Amino acid sequence: METFIIIISGILYTIAVYLILNKNFLRIILGVTLFSHATHLMLMAINGLKKGNAPLLSENGDIYTDPIPQALILTSIVISFALTALLLVLGYRTYIELGTDNMKKLKGESHE
Amino acid sequence: MSNIVIYPILIPLLMAMVLVFFRENIKLQQWLTGISVLVVIAISAFTVYHVSEQGIVVLELGGWSAPYGIVLVGDMLAVLLVTVASFVTLMCLLFGFNSFEMGHKRHFVYPMILVLLSGVNGSFLTGDLFNLFVFFEVMLIASYVLIVLGGKKIQLRESIKYVLINVISSTLFVIATGYLYSVTGTLNMAHLSERVAMAGQDGLLTAISFLFLTVFGLKSGLLLFFWLPGSYSAPPAPIAALFAALLTKVGVYTVIRVFTLIFYHDKEFTHTAMMWMAAITMILGALGAVSQWEIKKILSYNVIVSVGFILFGVSIATDQSLSGSLFYLIHDMLSKALIFITGGAIISIFGTDKLKEFSGLILFRPLLGWLFFIGVLALAGVPPLGGFVGKVMILKGAVSAGELIVSIIGLLTSLLVLYSVMKIFIHSFWGETLMSEGQEYSTGTNALLPGTILVICIAGMGIGAEWIMTFISQATEVMVNPSIYIEAVLQQISP
């Protein structure tokens with residue numbers, strides 16, 4: 001199962017890198033989002049998906065699943081959610097002010 | 001007593017929340033911001049004293065003991081940098097109080113600066129790798145807001161690149177942390193150091209360390225600095241000064257921390273790579289600085305050069321070069337703040353960024369001219385000032401370790417740095433004046449107070465180097481000998 005998830009996250013990384021290398025700003029934002037999702041999947045997979053019981057005191061059992069990767073993923077999801085929102089607003093404002101969503105045209109001019 | 005290390009994080013964060021409620025009352029906001037940063041400086045200066053007397057302060061958050069819970073670790077390196085960072089923030093605020101536009105003041109510039117300070121202090125103090133990521137994000141999100149605040153075209157354009165590059169590098173940080181966790185099974189830095197030492201740093205761990213080096217290189221401007229000159233020249237001068245003095249230095253601090261505490265076993269490979277990265281950074285940064293004709297761009301390229309120089313000292317990793325790096329790091333925070341503040345004042349006087357349109361300022365702003373001149377000398381490392389001591393120590397360490405080529409590169413780039421900033425000085429202060437009557441007395445005076453204080457500190461660092469070295473050698477001791485750090489953090493469990 002872990003191998004399967006890792007392959008999935010690899011495919012997601014590929015798509016994310018392809019999108020990030022685009023010129024269109026919206027596609028870059030989508031690429032960044034996919035990039036962080038692929039990371040979350042990979043974090044889950046490389047530390048083992050489910051090794052045993054839930055790590056609660058009331059649960060009986062010898063083996064517990066490690067809760068730390070989940071905690072990391074949760075934190076990272078919250079942050080990437082906030083950043084995606086910020087990026088979307090930023091991209092929209094840039095489009096309104098500068099009239100373009102093409103990264104090539106955002107290089108700046110010498111007379112500024 | 002160990003609670004003392006949380007105040008530099010907590011006070012600015014809480015004060016930022018309070019300030020949001022006083023949006024219209026700008027006088028009150030300024031007073032509260034100034035006072036809270038002053039309190040942080042006082043507390044962190046006391047912490048420096050406390051650490052120098054009693055050793056490392058460890059705070060286990062929530063009462064969870066060390067490898068399981070998150071810890072804050074106040075060792076000498078961290079608390080020294082916290083003190084200097086808070087002090088530099090106060091100087092930038094003193095400059096900003098009178099030079100921010102009304103729009104900035106009304107749209108939460110002070111709360112955001114406080115959040116930035118909180119994130120910076122948190123990154124210095126934390127002893128947990130994932131917590132470091134979180135504090136990085138606190139700092140970066142505040143910086144995203146600060147860089148785009150005002151919404152000018154250039155700001156929007158540059159902040160898109162800045163945000164994108166930082167989001168991607170933060171994701172790489174999470175990936176690297178995840179890898180390291182799956183290999184070692186811990187996130188506590190002291191515990192990581194112990195586990196990596198026990199397992200021996202094999203190829204896998206070295207690969208992970210390179211991922212970390214990439215991430216921190218992106219954040220600090222080591223080799224991967226292509227985003228830096230553009231984004232540091234977009235925001236207004238006080239914010240640019242704050243960024244130049246603090247943000248890249250946090251990246252430098254994390255490189256120092258991770259590569260002296262955790263990944264120090266394969267120096268042949270990692271540290272040599274870091275040294276050549278630093279060498280290329282210095283060369284490219286210096287060439288960039290020489291080739292530019294806009295003040296902000298020149299100064300931004302100078303930030304890159306000094307990052308290269310500091311990390312050159314770190315990559316040698318001897319007692320002497322690490323002390324030199326730390327000394328130069330502290331000096332660089334002060335002198336970058338000084339040069340950006342005075343440079344910002346020059347820009348505000350002329351109303352333009354173009355060097356070729358400047359002339360003859362020394363008649364009307366003699367004090368500003370001298371402050372800028374001393375800043376220039378400090379950047380180049382001319383003897384009575386603080387930079388000299390740091391540079392000498394780094395170069396001595398490097399030469400005694402046999403790294404002659406990179407040492408010569410370091411010396412030559414210092415000359416280019418001197419030339420690039422001297423160019424600003426000559427163009428803006430010498431020659432015939434072009435100023436009109438109104439310009440002469442109205443602008444640029446708000447940089448004089450923070451500038452003077454910073455000059456006194458920089459000169460003091462040179463003259464009182466002996467006294468400062470007592471603190472720095474204590475910090476270096478922990479860097480050279482990580483077992484001190486490990487013992488302080490993991491005192492409960494014996495290995």
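Just so you know, glycine gets a Cβ as well, placed from its N, Cα and C.
For reference, TrEMBL has these:
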type	residues	note
TRANSMEM	B:6-22	transmembrane segment
TRANSMEM	B:31-50	transmembrane segment
TRANSMEM	B:70-96	transmembrane segment
DOMAIN	B:127-416	domain 'NADH:quinone oxidoreductase/Mrp antiporter transmembrane'
TRANSMEM	B:132-151	transmembrane segment
TRANSMEM	B:163-184	transmembrane segment
TRANSMEM	B:204-228	transmembrane segment
TRANSMEM	B:240-263	transmembrane segment
TRANSMEM	B:269-291	transmembrane segment
TRANSMEM	B:337-355	transmembrane segment
TRANSMEM	B:367-385	transmembrane segment
TRANSMEM	B:405-426	transmembrane segment
TRANSMEM	B:447-469	transmembrane segment
Paired segments the transmembrane segment (B:204-228) and the transmembrane segment (B:269-291) in contact, 3+ CB pairs under 8 A: yes
Distal contacts, the transmembrane segment (B:269-291) - CB-CB under 8 A, six or more residues away: 206, 209-210, 213, 217, 221-223, 225, 229, 255, 259, 263, 297-298, 301-305, 307-309, 311-312, 314-317, 403, 405-406, 409-410, 412-413, 416-417, 419-421
Maximum Cβ pairs under 8 Å to the transmembrane segment (B:240-263) - stretch from the list B:31-50, B:70-96, B:132-151, B:367-385, B:405-426: B:70-96
Within-chain partners of the transmembrane segment (B:367-385) [C-beta distance under 8 Å, separation at least 6 from its ends]: 302, 306, 331, 334-335, 338-339, 342-343, 345-346, 361, 391, 414-415, 417-418, 421-422, 424-425, 428-429, 444, 447-448, 451-452, 455, 458-459, 461-463
